[in-house]
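One structure is given below, encoded as structure tokens.
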Amino acid sequence: MGSSAGSWRGLEDSDREETDSEPPAPPLDGQSAQWKNAVGFWILGLCNNFSYVVMLSAAHDILKQEQASGNQSHVEPGPTPMPHNSSSRFDCNSISTAAVLLADILPTLVIKLLAPLGLHLLPYSPRVLVSGVCSAGSFILVAFSHSVGLSLCGVVLASISSGLGEVTFLSLTAFYPSAVISWWSSGTGGAGLLGSLSYLGLTQAGLSPQHTLLSMLGIPVLLLASYFLLLTSPEPQDPGGEDEAETAARQPLIGTETPESKPGSSWDLSLQERWTVFKGLLRYIIPLVLVYFAEYFINQGLFELLFFRNTSLSHAQQYRWYQMLYQAGVFISRSSLHCCRIRLTWVLTLLQCLNLVFLLADVCLSFLPSIYLIFIIVLYEGFLGGAAYVNTFHNIALETSDKHREFAMEAACISDTLGISMSGVLALPLHDFLCHLP
């Protein structure tokens with residue numbers, strides 16, 4: 001209901017005024033509100049990560065077209081081969097795929113590093129508007145780009161949109177029952193599958209990359225519609241949707257609870273309180289950083305090198321299958337919170353690091369006889385990464401006091417981006433080293 005969503009925007013004032021001064025929203029059936037919020041956060045997760053996923057493939061494809069066509073103004077669908085290192089057994093591209101990853105992740109890292117320091121001064125609605133505009137701008141800029149510089153600017157806009165949106169929407173979950181975290185996480189997992197499939201499917205159907213990107217301008221519109229028209233008022237917060245065991249598990253293990261504590265007052269915290277809360281989050285942040293470091297080191301550093309010549313799949317097809325299976329695993333596990341909840345997330349970190357060691361050993365020694373064994377491992381890798389993400393934020397929501405929850409969710413957002421950035425930086429020299437081996 002659009003009117004109910006608009007009635008709670010008073011929470012966004014920088015001085016966090018009480019909503020009692022606003023007319024009360026019309027009562028909404030509890031079950032209906034739960035479903036609207038669940039669907040709303042799923043769509044927000046999908047739309048927020050969509051441009052990020054598409055830019056990883058679309059911008060890279062257009063850059064290759066520009067290199068091949070001498071910056072022609074029109075490009076036809078279909079990839080142009082990049083130069084390969086023919087002297088290497090790995091059939092390497094001249095530039096590691098980690099280079100594109102870094103262009104798409106570093107702006108997000110900057111946003112997430114700065115967010116806990118002052119993003120709270122900006123109300124939620126302007127943040128969402130900026131995120132939607134940047135997402136639309138990324139599609140338009142890359143679609144009409146005739147130069148490498150403009151294409152990279154489009155990738156940066158997609159990164160800003162994704163980073164700002166994730167920080168904003170995860171902190172917004174502090175005003176809703178913790179069940180919405182599962183829906184948000186499932187939506188972000190769905191973005192990986194639908195984003196890559198839609199770009200691949202439309203270009204394979206005959207659309208040019210330019211028209212394919214322009215056809216996706218409905219995604220930012222859907223994001224804004226979901227936020228402004230679908231989400232309902234979270235005040236007073238209805239615990240509906242949480243069972244008794246989960247409600248009992250909501251204990252202030254991170255920070256201290258006071259009777260008047262509630263979401264929305266977390267930005268009144270002193271620097272000392274914020275530091276105390278952040279130290280309590282480290283037991284979740286560090287494992288999630290390591291999980292994402294390991295999986296994106298695999299994805300952007302090793303996937304290209306896990307090349308099998310004894311199969312009918314080309315090198316490019318093998319790489320696309322790896323990415324698709326990874327995204328499928330992420331989507332399934334990010335949607336599994338209602339079926340399986342994991343408190344000891346460091347176990348997932350250990351298993352993911354073992355994956356990295358095992359696949360790195362195979363890159364060096366080539367002891368796996370079949371690509372289908374790699375397919376299984378990659379799917380399993382996606383399971384671990386998605387499970388680590390959704391369970392980390394679910395646990396933080398349960399174990400943080402109401403007063404500190406909004407800050408905690410926003411501060412913990414840095415985990416995945418920091419791990420991805422570290423992996424990209426290290427994957428570049430690894431690629432160059434291995435590709436120069438005979």
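Every residue, even glycine, has its Cβ placed from backbone N, Cα and C.
Quick look at what TrEMBL annotates:
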| type | residues | note |
| --- | --- | --- |
| REGION | 1-32 | region 'Disordered' |
| TRANSMEM | 39-59 | transmembrane segment |
| REGION | 67-87 | region 'Disordered' |
| TRANSMEM | 181-200 | transmembrane segment |
| TRANSMEM | 212-230 | transmembrane segment |
| REGION | 236-266 | region 'Disordered' |
| TRANSMEM | 281-298 | transmembrane segment |
| TRANSMEM | 344-361 | transmembrane segment |
| TRANSMEM | 367-390 | transmembrane segment |
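Using a cut-off of 8 Å between Cβ atoms, the transmembrane segment (181-200) and the transmembrane segment (344-361) share fewer than three residue pairs, counting only pairs 6 or more apart in sequence. When the stretches 212-230, 281-298, 367-390 are ranked by Cβ pairs under 8 Å to the transmembrane segment (344-361), first place goes to 281-298. Away from its own ends, the transmembrane segment (367-390) comes close to residues 181-182, 185-186, 188-189, 287-288, 291-292, 295, 298, 303, 306, 308, 311, 313, 318, 321-322, 325-334, 336-337, 340, 342, 345, 348-349, 351-352, 355, 358-359, 361, 416 of its chain (Cβ-Cβ under 8 Å, at least six residues beyond either end). Using a Cβ-Cβ cut-off under 8 Å and counting only residues 6 or more beyond its ends in the same chain, the transmembrane segment (281-298) has close neighbours at 101, 254, 326, 345-346, 348-349, 352-353, 355-356, 359, 378, 381-382, 384-385, 388-389, 392, 395-396, 408, 411-412, 414-420, 422-424, 426-427.
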